[in-house]
């Protein structure tokens, strides 16, 4: 099997063969692909701001923000623009180059709250930062409004495979998620879409999710790999921890099948040691989320702080990546 070329015709069996490689060989192959398409010394450090917290009507089994579960999350109204701008300014001073604004909504609605989000996007973009939003489902017209405001990326995760999906979520279909990604693709906004490990899914489910992403043309420019943090009060509170080598395998496989994408070591990173994170970077992860206040990433997962991350990057000889110019999606025929 050849690696290191962009293709959109991956079969599930091929991806499973990649995932099942002997671990050190898999890491080596992924590292080789990573060096071919990316600067291996650079890691993008991102900051997530929960601009509207809790009270979500959906039933995602892993999420502390669902109104259906009794968790410690206290609903919080949409933040004011000045607060968001101040958080982003502080993050930029720490070396952050990408800010992700998350709202616990099922879908975007054309109302005054969306208008306020558009203003936030414009002001933070004007600071020279990449801005990503995760606001739920949206239409093409709404995506175009976000594009006009300067949005760099829109996040809409698949979470898991299409077969396992209904076990985790019943209030939104897999097709709904793919349709939102397609709506974003009608603009120049880049796509961020990945999944979560530890939902009770099988290896086949993980591989199937990657196959769905890797057969999108173009590939998502950003592929977050999240690790479940069990939240008391949610249906998945008793799920076992994900073995770190499963995380490394998933990152390496994503890197090989989607060579140009940023693979983001996202939620759940706080429980990984520096050594374990180093293996993730070797396997092709080139982005992390960091914070200055140890508040919750997406309100469910502790986020490492800037100082600890800077120390780790220095130790590993890595540097923070500056903001990117908006890339043009890589669209090619199957090869």
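Just so you know, the numbers here start at 1 and follow the chain as drawn.
Cβ coordinates are placed from backbone N, Cα and C, and glycine is handled just like the others.
Here is what Swiss-Prot records for this protein:
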| type | residues | note |
| --- | --- | --- |
| DOMAIN | 41-269 | domain 'Radical SAM core' |
| BINDING | 56, 60, 63 | [4Fe-4S] cluster binding site |
| BINDING | 100, 132, 192, 264 | [2Fe-2S] cluster binding site |
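Locations of recorded Swiss-Prot features on the structure.
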residue : record                        : DSSP (3 states)
56      : [4Fe-4S] cluster binding site : strand
63      : [4Fe-4S] cluster binding site : coil
100     : [2Fe-2S] cluster binding site : strand
132     : [2Fe-2S] cluster binding site : strand
192     : [2Fe-2S] cluster binding site : strand
264     : [2Fe-2S] cluster binding site : strand
Neighbouring C-beta atoms (10 Å sphere around the C-beta of residue 264 ([2Fe-2S] cluster binding site))
27
List the residues of the same chain that sit at least 6 positions away from residue 192 ([2Fe-2S] cluster binding site) in sequence and have their Cβ under 8 Å from its Cβ, in sequence order, or write 'none'.
132, 134, 153, 154, 155, 156, 220, 221, 222, 223, 224, 264
Spacing of the two Cα atoms, residue 60 ([4Fe-4S] cluster binding site) and residue 100 ([2Fe-2S] cluster binding site), in whole angstrom, works out to 20
Alpha-carbon distance [residue 63 ([4Fe-4S] cluster binding site); residue 100 ([2Fe-2S] cluster binding site)] in Å:
18
Find the average pLDDT over the domain 'Radical SAM core' (41-269) in the predicted model and report it.
91
Beyond 100, 132, 192, 264, what residues of that chain have CB atoms within 8 A of the centre of the [2Fe-2S] cluster site's CB atoms?
46, 98, 134, 153, 155, 222, 224, 266, 287
Identify which of the binding-site residues 56, 60, 100, 132 has its Cβ surrounded by the largest number of other Cβ atoms within 10 Å, counting every protein chain shown.
100
